[in-house]
Amino acid sequence: MRKLIFGLFIAVLPALGLAAGAGVPLDHIETDHTDKQSLQSGAALFTNYCMGCHSMEYARYKRVADDLEVPVALYEENLIFTGAKIGELMKNSMSKDMAAGWFGAPPPDLTLESRLRGEAWVYSYLRGFYKDETRPLGVNNVVFANVGMPHVMVDLQGLCAVPPSIGVGASVEPLSGNVKNGDACPEYAIEGSMTAAEFDKAMYDLTNFLSYMADPVKVERERLGIFVLIFVAIFFVFAYLLNREYWKDVH
Ligand code: HEC
């Protein structure tokens, strides 16, 4: 009995771990790895805005180009800035030690980031920057308090003047009919080139891309899974008939 109770306790441990991770409210996101256009635009954003600091060193350019259906020559020309060959790992040349000196913490590799933190966390984090003069870089983040990363997409989003309301969702005030929290950020200190909706879509694409990088075989796995289940269902009929045949003389 004691063993059983101990076994049950071990079984629920991972669930407790997850519960502890969900501290801040997050905006939900439904990623779609079959949406190649979204993944391509995410890859372009990542290469242009993130890869100077963050590597993806557990993946190869070639694999990404093939999966995203980008011709190799086009990929090499537009999405590799380091002079690397298409078959190489997606590394960058930032020194971890020097970066730690500049930002307080080195920018981590992001290949598995969406598995580590969750897609909702990444999506919310990317939209969670706001102006905070008390921080060394003048910005803070509602999802990652006192983050060392600068707001690198300020030219796209602009800079939110107050902490944006992430994880609250839009609602309609019953008396006035006004929409509350339609946009996460109500007021900007610096205007960006995108509208709030455009930026949300861009961050959806970027999160979709990060989610694909962390699990590149997801689409293939799910496709195969259906065939495996069909096989198991058909095999069950034969296994059942065989079992009946074996036992028919045993009373
Ligand atoms: C100028 C360098 C720089 C650029 C460019 C940059 N980051 Fe960062 N990023 C950092 C640093 C430094 C940290 C670590 C912050 C800390 O731990 O306080 C970080 C942290 C992160 C984290 C959190 C990692 C974790 O789990 O602790 C994510 C996610 C992230 N960056 C995504 C991005 C994305 C997506 C882009 C491109 C839009 C990007 N970063 C561009 C420097 C950068």
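Glycine is no exception: its Cβ is also placed from the backbone N, Cα and C atoms.
According to TrEMBL, the signal peptide annotation covers 1-19.
Summarising the annotation, TrEMBL assigns domain 'Cytochrome c' to 37-217.
Taken from TrEMBL, the feature heme c binding site covers C50, C53, H54. Here C50 (heme c binding site) comes close to L110, V152: these same-chain residues lie at least six apart in sequence, with C-beta atoms under 8 angstroms from its C-beta.
Taken from TrEMBL, the feature transmembrane segment applies to 224-242.
Counting Cβ atoms from all protein chains shown, C53 (heme c binding site) has 18 others lying within 10 Å of its own Cβ.
Highlighted in sequence order, F46, Y49, M51, G52, S55, N92, P107, L110, V152 have their Cβ within 8 Å of the centre of the Cβ atoms of C50, C53, H54, the residues recorded for heme c, and are not part of that set. Long-range Cβ proximity for H54 (heme c binding site), meaning a same-chain Cβ under 8 A and a gap of 6 or more residues, is found for N92, P107, P108, D109, L110.
The average per-residue pLDDT of the prediction over the domain 'Cytochrome c' (37-217) is 94, rounded to a whole number.
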